[in-house]
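Colleague: Quick paste of what TrEMBL says about this protein:
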| type | residues | note |
| --- | --- | --- |
| DOMAIN | 86-213 | domain 'PARG helical' |
| DOMAIN | 233-485 | domain 'PARG catalytic Macro' |
| ACT_SITE | 264 | active site |
| BINDING | 267, 281, 322 | substrate binding site |
| ACT_SITE | 282 | active site |
| ACT_SITE | 283 | active site |
């Protein structure tokens, strides 16, 4: 392993050592414990949640991990595996899942060595993707499985994670919360995770998942690897047409029938409360596709001009409900095809919204902040921004669609290896996509709910950003929200009148200005179309 820059950045956050031969390895006592577990419960005596928690503590001691686990985490492991699981399922877990997981952990050093050898020429190796550092990490699903097994056994060192603004990665809080404040939703979150491990131990998936930090430059001119920050004048003058807008009053973003970029209503810390008590849109997505959790190992919190795009995460679980009603309902077979990198054609972008914005959300400064977040989400390139202004909005969609993010197409139009294509894409700032492969946006009530955003305002903001980024459509899932009952009617009216981005932006700015001055109590839809049935909007607190 000649070039250790990538490894050096992540090594303090891994439970492995560097040996005399410059290879990664486990401490000898950890090897002994894992080898015993790999031979089955009759040999290791790890046959219950209680004994498993003791084995976890022993391995942590062998790794000299001094940070204590969350209080009640041992009781959480015992509660789930010894009481909540049936006796038959518990016996099966310790006989058929723990041994292969132990074997997988024993192979983690060699999996990482192989990973770095393969990624050495392309700078996509596992590393800390720090703030304001656009870049990509490409991991095999097998390596992700090994990393998540470390999370299950709470083997990651955490003492320096707070300094780097890295989210939770071990599963001790997940299990501790189950015991400390039991709820069915928490039990079912754990069931999703346990089901994931059962699946990969019965048949290891062979694909890849990419994690990319995307950056919107705050400087002018922008750097090669990021797009620039559009100002108010840019939006006012845009003459690009609004993209088609489809409203779904029921259904789920992840079940969208055609390929689309799925919006993750994210916390600035990737995963939000997934490994704690959280159980809303982002956390549920991470439970049904646990490979997303791997990004929490190496992706620090997002700044205002950053977004995280994850391509290829497989879905393993089916579910019903939301928040307190969330329930794991069984296995899910993900039938989405894969691209030339072996990634499933599932693209998820994590963007955080303003938290408790109240009246600030109507001020120009904060409107631009939200557009900035969504603009980065939609993958607009620096070239597109300046071309649009240069040609006064007359640029065609086909001319600009080439400035898209890396494609999930099966085909490439150039010779060379798969990784070479991606490398060239990265040199262009991640803007490499054929127009025929451009995909739309599947989204919903981003920044509403617990974050307190105005649903009508947020809807229009997302539509404008997707249109300016030349996305071919936006599919909006309202989740039955009463405040958006007239969304389909309003969007159809706007499209029928052939408004462009600048037209809608200017109307939104006028409304927001009146709202900020206290000149209207109406929601945007009723203000725009007074003939619609409406009631006065709830006034945000000051």
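Glycine residues also receive a Cβ, built from the backbone N, Cα and C atoms like all the rest.
Automatic, uncurated: that is what TrEMBL annotation is.
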Colleague: Pop the mean pLDDT for the domain 'PARG helical' (86-213) in here, whole number is fine.
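Modeller: Across the domain 'PARG helical' (86-213), the average pLDDT comes out at 96.
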Colleague: Round to the nearest Å and give the CA-to-CA distance linking residue 282 (active site) with residue 322 (substrate binding site).
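Modeller: Just about 11 Å between their Cα atoms.
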Colleague: Tell me the Cβ neighbour count for residue 281 (substrate binding site), meaning other Cβ atoms within 10 Å of its Cβ, over all protein chains shown.
Modeller: 24
Colleague: Say you check the Cα of residue 264 (active site) against those of the recorded positions 281, 283, 322; which is nearest?
Modeller: 281
Colleague: For a three-state summary based on DSSP, what are the helix, strand and coil counts in the domain 'PARG helical' (86-213)?
Modeller: 71 helix, 12 strand, 45 coil
Colleague: What's the CA-CA gap between residue 283 (active site) and residue 267 (substrate binding site) in angstrom, rounded?
Modeller: 10
Colleague: Which residues of the same chain, at least 6 positions away in sequence, have a Cβ lying under 8 Å from the Cβ of residue 267 (substrate binding site)?
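Modeller: Non-local contacts for residue 267 (substrate binding site): 273, 282, 352.
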Colleague: Rank the active-site residues 264, 283 by the number of other Cβ atoms within 10 Å of each Cβ, and give the residue at the low end.
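Modeller: It is 283 that, of the active-site residues 264, 283, has the fewest other Cβ atoms within 10 Å.
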